[in-house]
Amino acid sequence: MDCENQQRRGKLYFRYGTMGSAKTALLLTTAYNFEERGMSYLCMKPFIDNREKDSVIRSRIGIERRCLWIYPESDMYKMLVDIFKSENLKEWILIDEAQFLSEVQVDQLARIVDDFGVNVMCYGLRTDFQSRLFDGSRRLFEIADTIDEIKSTCSCGRKTIINARIDRMGNVVTDGNQVEIGGNERYMAMCRRCWSRRRCERERSSELNFGDE
């Protein structure tokens, strides 16, 4: 770490929101703005979503940008230092789906910020379909310099905070693996009140069906 890097003041950012809150679109817009201003940046994304066959970050509205994959075993510190050596230091690192980072990888990103003065901006979900924090999100809440909520609205008009998992009939699902890739056909952002009501409706329906057997 040289004197120039010591003088740079980077930050670790976490921008979180529910599914459909335009997190990815905001990341891609930010990347475009950096490019327009001649600022150096790098886009990255955990390799969890196997629907993506090429290394791109793609939004629901159709815009996309090339990215580097982050694998579960990736050492973020070593990976970025190697990139800095071969391509020069980046001013900004933009990471999509940051909830899928491990706690160790978040700590490694924080070290990149502190050692090199690089800004790392992470975009992701706060909680899973059971309203539990993802490991990566939890660690970002613990150590990020700046935390921003990207707000979106439930169909009832309240703020969405739950990433509800739904089945083919539109019923709320309450059990299963934490990570299950899907889009609008599998997830729906809701406020806590609507989520709680639909869970109760599902439970009552299950009890009635059981009673008919």
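Every residue gets a Cβ built from N, Cα and C, even glycine.
Quick look at what TrEMBL lists:
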type: ACT_SITE; residues: Glu97; note: active site, proton acceptor
type: BINDING; residues: Asp96, Glu97, Ala98, Gln99; note: ATP binding site
type: BINDING; residues: Cys154, Cys156, Cys191, Cys194; note: Zn(2+) binding site
type: BINDING; residues: Val179, Glu180, Ile181, Gly182, Tyr187; note: substrate binding site
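For the binding-site residues Ala98, Cys154, Cys156, Cys191, Cys194, the ranking by surrounding Cβ atoms (within 10 Å, all protein chains) places Ala98 first. Annotation note: Tyr187 (substrate binding site) sits in a strand segment as assigned by DSSP.
If you take the Cα of Asp96 (ATP binding site) and the Cα of Cys154 (Zn(2+) binding site), they are about 23 angstrom apart, rounded to a whole number. Contacts of Glu180 (substrate binding site) defined by a Cβ separation under 8 A and a same-chain sequence distance of 6+ are given as Phe129, Arg165, Arg186, in order along the sequence.
For the recorded site, Glu97 (active site, proton acceptor), the DSSP three-state label reads coil. Taking the mean position of the Cβ atoms of Asp96, Glu97, Ala98, Gln99 as the ATP site, the remaining same-chain residues with a Cβ inside 8 Å of that point are Lys23, Lys45, Pro46, Ile95, Phe100, Leu101, Cys122, Tyr123, Gly124, Leu125, Gly136. Put simply, of the binding-site residues Cys154, Cys156, Val179, Tyr187, Cys191, the one whose Cα is nearest the Cα of Gln99 (ATP binding site) is Val179. Neighbour count (other Cβ atoms within 10 Å of the Cβ, all protein chains): 24 for Asp96 (ATP binding site). Between the CA atoms of Cys154 (Zn(2+) binding site) and Tyr187 (substrate binding site) there is a gap of 13 Å. Sorting the recorded positions Glu97, Val179 by the number of other Cβ atoms within 10 Å puts Glu97 first.
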